[in-house]
Each structure stands twice: as C-alpha cells, then as structure tokens.
C-alpha cells in the first residue's frame, strides 16, 4: 500500500505539518526526504530498511558517496540532495553563532560542533564576548599526544586574536567517555594557552548522540 492510501493522520508529511517534525520517527523523516519508495516498498518501508542496513540515521547521513549510492533505492541524485540539506543545516547553525550570538548555552555549542565534526579534532575560537571568530579543523584520525601539538593551537589562537577557545573532537566508536589521553592532552593545551592568557572554556567529546563536557565535569 502506498502512503497516499494511508489514513491522512498517519502520513508523514501531513503529520509533520500538523504536529511538528519532532513528533516523527527517523523512518518517517527519512521518508519525507526520499519522497517515493521502490517496487513493493512504500517510502516509509524503504526508510526502515535503509536505517536497519546502515544501523542508525546518523550512520546513513554520514555515509560516503559509494556506500550511500550502493544502497537500494538511493543514488547520486539523492546523495547530492542530502549533502545540500546537510550543508544548509551547518550554515544555518554557523550563521546563528557568527551573527554575534554568545556561546552561553552548552547545547548550542554542541549543536554547532556536531554539525561540523567528521572524525576530527577541532578548535572553536571566540572573542571576549564568547562570540565565534572561527571554526578550525586541526587534526584528523585518532587523537593522541603525537597528533595534537599545543604550539600549533597557540599559534592559531594568536593569529585570530582569540580570547577563549572551545576544544572538541569526536570518538568514531560512538562512545563519548573521555580517555586518559583525552584528559592529558587537554591539560597540555590548557597550560600552553594559559601562558598567553587565553581561556579554554570547554573540551567536548562527541559520541553517538552523547556529548561529554569537561567543563560540566569540573575538569577545567
């Protein structure tokens, strides 16, 4: 049965317009994006199949072009459409902050960084009002003491005349709990930036839907 044959109050698009996007399941949201299903599968059924195949909505949205296009019911056109939607979301968040909004909310910071991060150690540079100056992706791959150089972070902070920074990196495993190496590297960066009077406001470790804040744990 196609979605058009469903009762109106069960159709994803009508449900979104009536109740808002937060009320929809991942499969229903994805179905609105896909618009149509394939032979034998409605858009919602196809969405459920894709979510099961990729493991989660996050994994599907973060899939590379090859993996995405190889999936049944997807292809280059859908991949291009998805990348455009994701980029618009990133730019919307960036514009909210870069218009001068202060980073006073930990959740706002997390939303901004979660939209940016792809297995990377990043630096958010802030002015003395905690407004965003620049978002810089620094190091890629596994975070360890050999890959992160406090001196380089100091140079970048000075170059942009930052008054404060927020550090962030994600754990590809999806587990957000900081490792001993995470804490040791943070301490080194904290000490290096303290010498030039630049504050580290937070270090965010981002996992699969969970973010750990060093500041909230009292580690800074």
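A Cβ is built for glycine as well, from the same backbone N, Cα and C atoms used for every other residue.
On a predicted model such as this, the values are computed, not experimentally measured, just so you know.
In the three-state DSSP classification, residue 171 (Zn(2+) binding site) falls within coil. If you take the C-beta of residue 171 (Zn(2+) binding site) and look for same-chain residues 6 or more apart in sequence within under 8 angstroms, you find 205, 206, 207. Under the heading Zn(2+) binding site, Swiss-Prot lists 169, 171, 182.
Annotation comment: Swiss-Prot describes 95-220 as domain 'MPN', evidence class sequence analysis.
If you look up Swiss-Prot, you'll see 169-182 marked as motif 'JAMM motif'.
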